[in-house]
Structures are given as C-alpha cells and as structure tokens.
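Q: For reference, the structure I am asking about is given below.
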Amino acid sequence: MTEIVDITAREILDSRGNPTVEVDVILEDGAMGRAAVPSGASTGAHEAVEKRDGDKARYLGKGVRQAVDAVNGEIYDALSGSDAEDQRRIDRMLIELDGTPNKSRLGANAILGVSLATAKAAASSSALPLYKYVGGVSARILPVPMMNIINGGAHADNPIDIQEFMILPTGAETFSEALRMGAEIFHALKKQLKDAGHNTNVGDEGGFAPNIGSAEEALAFIVKAGEGAGYRCGEDFHLGLDVASTEFFKNGKYVMEGEGKTVDPAGMVEYLAGLVSKFPIVTIEDGCAEDDFDGWKILTERLGGKVQLVGDDLFVTNPERLAVGIEKGLANSILVKVNQIGTLSETLDAVDMAHRNSYTAVMSHRSGETEDSTIADLSVATNCGQIKTGSLARSDRTAKYNQLLRIEEELGDQAIYAGRRALRAL
C-alpha cells in the first residue's frame, strides 16, 4: 500500500521571486507528500549543486525546468513501484541514479524534493505527523529559535559585514513563550530603529537592514530593544551571530569593509572574542571561512569552551566534511540545511554523527524559502534543540514557527522546550 505510484514536479517561486522545485509523491493507498526546495544566497563551495537552466531569456537563467524534467522523467521511472517507507533505499537509489559526488547531474533540488516528499507521503500513509514518523516516540523537544532580527552581508544592502544578528529566547519556559518574547523584542527594535532615523525595511529573512556600519552598534540596538520589551539580555535572552566570513575572506585575509578592518585569521578570532567579551553572545556561525582550517582551529581553541561555534559553510551538512572537522578539532556544532546535502537520510546521518561526537546541531532554513515547513518537523524529529528560520516577519519564516506551535500543542504535557540546555555556553 505504500508503493510509489506517481511523482510530479513543478516549477514554483521562492521568497525571493526565484524559481524552485516542488514535488508531489503519491502512494498506492492515495497518501500524498509534497515538498518545496529552498535555496541559499551565501552558499558554501562544498554544497550539493542545485540545477539551474542557465537560459538568460527565462527567469534570468534561474529556471529549474531541467530539474523538474529529471523528476518527472528519469527519477519517476527509477522509483515507480518502490516502497516509500524504505527511505534509505529511496535515497540511495537517488544518489546512485545521479552518479556524481555533488548531485550535479540531476540536481540536488530535484533529488531533495523527491526525498522529502517521499517521507511526507509515507508519514501520511502511517497517519503520523512527519516529526513522529521520522523521530519516533522520543521526538518531543521543541527547539530554541535563533531569530535573525538584524540582517547584513549578503542578506541586505547595507554596510554591515556580519550577515545575521540573532536573539535566542533561552529563558522561556515553552516554545510559545519564546516566540512571544522574540516578537515583542522584534517590534521594540523596529520602534527604536525608526526613532533613531533608520529605515525599517526587512531583508531576505525578515530582519531589519538598517544603514549602520558596525557590529557593536547592531548588538547595542538589540540589547536596548530587549530591555525596552521588558527582557534582560544575558538572562531572558542571549545573542548569536552568523558571520558568514567566507563571503569576505580574500587572499588569506578577512576584509571587513563596513568595519574598516583587514585582518589575518588570528586577528579575526580576536575581533570575535572582543564582541563576546562585551555582549552575551552564546553562538557564532561561520566565524572563519569554509577552508580556513587554521583559523577555525584558533577560533575553537580560543572560544570553543564558552561559545557554540557552528560550522555552516565549513561542514555543509556533509558527514564526510563533519568527520574531518571532528578529527581536526574544528568548531563544536553543525548547521543542518537539507538542501546542502540533498537527501533526508544524509541529513539525519549528519545530525547523528554530530550528537555522537558531542557536537550540537542547529536545523536551518535558507534565505530563499517557501511556505514549506518541513524543517520545523525535522528540528523536533532529531531532538537537535535549536532552529534557525529567520525573523518574526515574512510568512515564509513564520510558517516554520507556526508549525512548531502546532507541534507543541499536539505534544501537550510531553513537550519539552530546550531552553538553556540546548547551548553549551549556558
């Protein structure tokens, strides 16, 4: 009854107005799963490759008809009749069918759409929500949201070098309370920025993109906004950064144009250590560039004992890259983006490897998102305790938060909000 009888892909739009792939998988018993694939703005060189058409006369070359055709043709032919409940076999077949190390022939966007839609169809057939289907009875930890409320870098048109400034409502008792805290701080920040003469337009991930030049000024605005909303920074909520430093790593130096600094890896670490000494920052993502292993080693030795150091471009959700990082002692956490690796099974393997080696894991969106809320379920299914899915504006971001509210409600007394326990710094 869980045999795949139909697979249909289509081209839809993501939150940036760019095409992406959506896939429907239908089973013999009529159950259906649907998944839409996200896309990143700042992408790691080692990510699985999303397939774009390259036809400049159509969607400026960003169309995904080739990926759609691959799903509706070659992938459908290979998977038709397969058991949707055997996720690992499905994913293995997809990987072997593609035949490349980075999924570039069929496209990670084609492969991931099918992988996730298959899992959702199997969950529907089992009459289970996705988080329970994937995670089983132990899936009951609601994640701490990392809310990106000031945007810079590749996510905004302002001079701020650091890509994301985040709040983490660590002091909340429940996820719903954490979401309320975040929303109240978000609105307090909007008022303070407006009062200071800054624009309050939002960036790709729903955060504000004010025309300020320094990280310290951005962090000070957030601390003040939290106080204005009635919350204590360092007690009720903490701060986080996504430096996205690969974006400004040039010829062995970190060129921070907004800050007016050019530093070597050791200097970059000292710059971040200075911010940590001044503000209650508990998590830093991509503090060094993806292939700057020496910088990562210095950073981990300097701050790894008191700050969560998250590898995004460093690990690209790839168990092989993560294994290298673990061996070399780089970072202490992995950012998990399903489209960086391209299948559900490989995503789960990355989280499992992280947990077995005492690394934390953070489930994450991309800057180009859709209304698909799969990652909300996966954050609970994997008990990773943290989710990064943008600010408190734009429905492509709030869709994930709202799904987590539903999951918390469904779990009832069994629900556990991760809170401070999710972070090694606390």
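Glycine residues also receive a Cβ, built from the backbone N, Cα and C atoms like all the rest.
Heads up, here are the entries from Swiss-Prot:
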type: ACT_SITE; residues: Glu205; note: active site, proton donor
type: ACT_SITE; residues: Lys337; note: active site, proton acceptor
type: BINDING; residues: Gln163, Lys337, Arg366, Ser367, Lys388; note: (2R)-2-phosphoglycerate binding site
type: BINDING; residues: Asp242, Glu285, Asp312; note: Mg(2+) binding site
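Mind mapping these onto the model and telling me what they sit next to?
A: Neighbour count (other Cβ atoms within 10 Å of the Cβ, all protein chains): 31 for Glu205 (active site, proton donor).
Listed in sequence order, Pro38, Gly40, Asp312, Val316, Thr317, Ser364, His365, Arg366 are the same-chain residues at least 6 apart in sequence whose CB falls under 8 Å from the CB of Lys337 (active site, proton acceptor).
Its Cβ taken as reference, Ser367 ((2R)-2-phosphoglycerate binding site) is surrounded by 24 other Cβ atoms within 10 Å in the chains shown.
Neighbour density for Glu285 (Mg(2+) binding site): within 10 A of its CB lie 28 other CB atoms from the protein chains shown. DSSP classifies Glu285 (Mg(2+) binding site) as strand under the three-state reduction.
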Q: Whole-number Å only: compute the distance from the Cα of Glu205 (active site, proton donor) to the Cα of Gln163 ((2R)-2-phosphoglycerate binding site).
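A: Computed Cα spacing between Glu205 (active site, proton donor) and Gln163 ((2R)-2-phosphoglycerate binding site) is 11 Å.
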Q: For Asp242 (Mg(2+) binding site) and Gln163 ((2R)-2-phosphoglycerate binding site), determine the Cα separation and express it in whole Å.
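A: Here the two Cα atoms lie 6 Å apart.
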Q: Largest pairwise Cα distance, Å, within the listed (2R)-2-phosphoglycerate binders Gln163, Lys337, Arg366, Ser367, Lys388?
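A: That value is 17 Å for the farthest Cα pair.
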Q: Select one residue from Arg366, Lys388: among these binding-site residues, choose the one with the most other Cβ atoms within 10 Å of its Cβ.
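A: Max Cβ neighbours within 10 Å, all protein chains included: Lys388.
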